[in-house]
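Notes for the one structure printed next.
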Amino acid sequence: MNPSAPSYPMASLYVGDLHPDVTEAMLYEKFSPAGPILSIRVCRDMITRRSLGYAYVNFQQPADAERALDTMNFDVIKGKPVRIMWSQRDPSLRKSGVGNIFIKNLDKSIDNKALYDTFSAFGNILSCKVVCDENGSKGYGFVHFETQEAAERAIEKMNGMLLNDRKVFVGRFKSRKEREAELGARAKEFTNVYIKNFGEDMDDERLKDLFGKFGPALSVKVMTDESGKSKGFGFVSFERHEDAQKAVDEMNGKELNGKQIYVGRAQKKVERQTELKRKFEQMKQDRITRYQGVNLYVKNLDDGIDDERLRKEFSPFGTITSAKVMMEGGRSKGFGFVCFSSPEEATKAVTEMNGRIVATKPLYVALAQRKEERQAHLTNQYMQRMASVRAVPNPVINPYQPAPPSGYFMAAIPQTQNRAAYYPPSQIAQLRPSPRWTAQGARPHPFQNMPGAIRPAAPRPPFSTMRPASSQVPRVMSTQRVANTSTQTMGPRPAAAAAAATPAVRTVPQYKYAAGVRNPQQHLNAQPQVTMQQPAVHVQGQEPLTASMLASAPPQEQKQMLGERLFPLIQAMHPTLAGKITGMLLEIDNSELLHMLESPESLRSKVDEAVAVLQAHQAKEAAQKAVNSATGVPTV
């Protein structure tokens, strides 16, 4: 029996090296014969929900946990032997290094179980692991004993012994800080010198003559290829460190046969890689510090804006050190960077230029962020959204919406007949993972993201009331029921429903139109119209809307305020399509929507483009139905 059980009264086991597909149910089936289990948890990534390869099994009784550890360690689950040990809740026990030994030069055939069986004779083992990669064992491992005395006995007996005909090294585990300190101490007392860039005509004798004046050398070697030709580098090993140091000081950087040679301390590959990594990280940190607060990210650029135009637009705010529009295949990617000489200039540029219309589009300007910072910010947003989704009881899923992302369960309840589905605010983005319109204006099938889904038996609504899935912005109008059920019109939504249909977190706007719709060409007959900023947007029957009012409103109300002012204007142009068009236009950035409210011509242009997209889609759907009817393929 394992004598360490009394030290762990919580009876919690760590189970590692798990196959990614192992679930709590599989572990319960495996461990329940050992005794009653309180809980099992497979640890997973917070975002992807993929298994991290380890789990915790909590038994009711320590004796049951001890029995599982003794009888099930290294058992195979889904083709992989699992590694079981007592759960160490105190991190200081794991990180102190007491009782931990390091073994290297292991044969490839030695696995965790073989290492455990070999070293268990010296004392109770808390943890045992052979380090592996995708190709198998890397030839070294670790054994953590319960006591330091057991570790010392293992080192004394096993160091230098043969395991599977290979002489192994067994020693005390040393932290990276300790190893780096030892390497630094050895580096100061080096005797081996590395020389490179001396050409192809150098041989051992000439190299010895060149460096022999600094002191007696133990060995001199010029590295050659298979034909005996010099590779341009070699080594000289001196007897004393002082001689080696003198050779480096006097010969490094000198010219030899018209070439400047390099002379320095010979390093192992690992040392060189570590030093290069350290230098790279230092350069990266210096660059980040240098550009902190002065580098701006500019997006939503018009296709006609190049580096010079970008520099010209931002030059009034200070000295620009660089301005770059990112390109791909000779075409603008729609974003770029502007770097100023001081943080004050950059801050002023953000204040003045963010939201300003340049050419035909409003700019988004903000301080540039590193990839790690952006990912952390997006992860935080995602976790907040997920937390709010899970807090909403009994959400209702529209049967014509795509399925939620994989790994996310959401209960559905039946809807009352002729009632519109209710979407909690933060669920909208979760329920609509696919884009509303493709580049050709095609609507995705509502079941394309739901493998093996059963189509509902209810009659399919008319196209005028169906909404393809959207990943960002919900429809802002509620369905009005009228006497004629074959025709439904869109009307202004109630304030409560509007607030519920607005996402809690505003993400990057997604433009869902074709390229010609999104980026109007400059060579059209009409010149781009620049409308003077008005103090407020007036819509009959509603209070004036200003940019400051919109900015001060919570994110979940901003789209509602814009939608309530856009809908009556669009309804006057296209009464039957007002709801659809409003929902499409609300995916545009708020600053551009304000501009459209101020400029009737701009609004009409965008509405006409949206109508063209809808008509193209309807024509394509009608043609597809005709083809299916001709070929006898049933339509759904």
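Yeah, the Cβs are placed from backbone N, Cα and C, and that goes for glycine too.
What Swiss-Prot says about this one:
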DOMAIN    11-89  domain 'RRM 1'
DOMAIN    99-175  domain 'RRM 2'
DOMAIN    191-268  domain 'RRM 3'
DOMAIN    294-370  domain 'RRM 4'
DOMAIN    542-619  domain 'PABC'
MOD_RES   Lys299  N6-methyllysine
MOD_RES   Thr319  phosphothreonine
MOD_RES   Arg385  omega-N-methylarginine
MOD_RES   Arg419  omega-N-methylarginine
MOD_RES   Arg432  omega-N-methylarginine
MOD_RES   Arg436  omega-N-methylarginine
MOD_RES   Arg455  omega-N-methylated arginine
MOD_RES   Arg460  omega-N-methylated arginine
MOD_RES   Arg475  omega-N-methylarginine
MOD_RES   Arg493  omega-N-methylarginine
MOD_RES   Lys512  N6-acetyllysine
MOD_RES   Arg518  omega-N-methylarginine
REGION    166-289  region 'CSDE1-binding'
REGION    541-636  region '(Microbial infection) Binding to HRSV M2-1 protein'
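DSSP assigns Thr319 (phosphothreonine) to coil, not to a helix or a strand. Under the DSSP three-state reduction, Lys299 (N6-methyllysine) is assigned to strand. Fewest Cβ neighbours within 10 Å among the modified residues Lys299, Arg385: that distinction goes to Lys299.
Under DSSP, the residues of the region 'CSDE1-binding' (166-289) split into helix, strand and coil as follows: 56 helix, 36 strand, 32 coil.
Of the recorded residues, Arg385 (omega-N-methylarginine) and Lys299 (N6-methyllysine) place their C-alpha atoms 25 Å from one another. The CA atom of the residue listed as 'phosphothreonine' is located 20 Å away from the CA atom of Lys299 (N6-methyllysine).
Just so you know, the Cβ of the residue listed as 'phosphothreonine' picks up 10 other Cβ atoms within 10 Å once every protein chain is counted.
For the domain 'RRM 4' (294-370), the number of residues in each DSSP class (helix H, G, I; strand E, B; coil) is 22 helix, 32 strand, 23 coil. Taken through DSSP, the domain 'RRM 1' (11-89) splits into 22 helix, 30 strand, 27 coil. In three-state terms derived from DSSP, Arg385 (omega-N-methylarginine) belongs to a helical segment.
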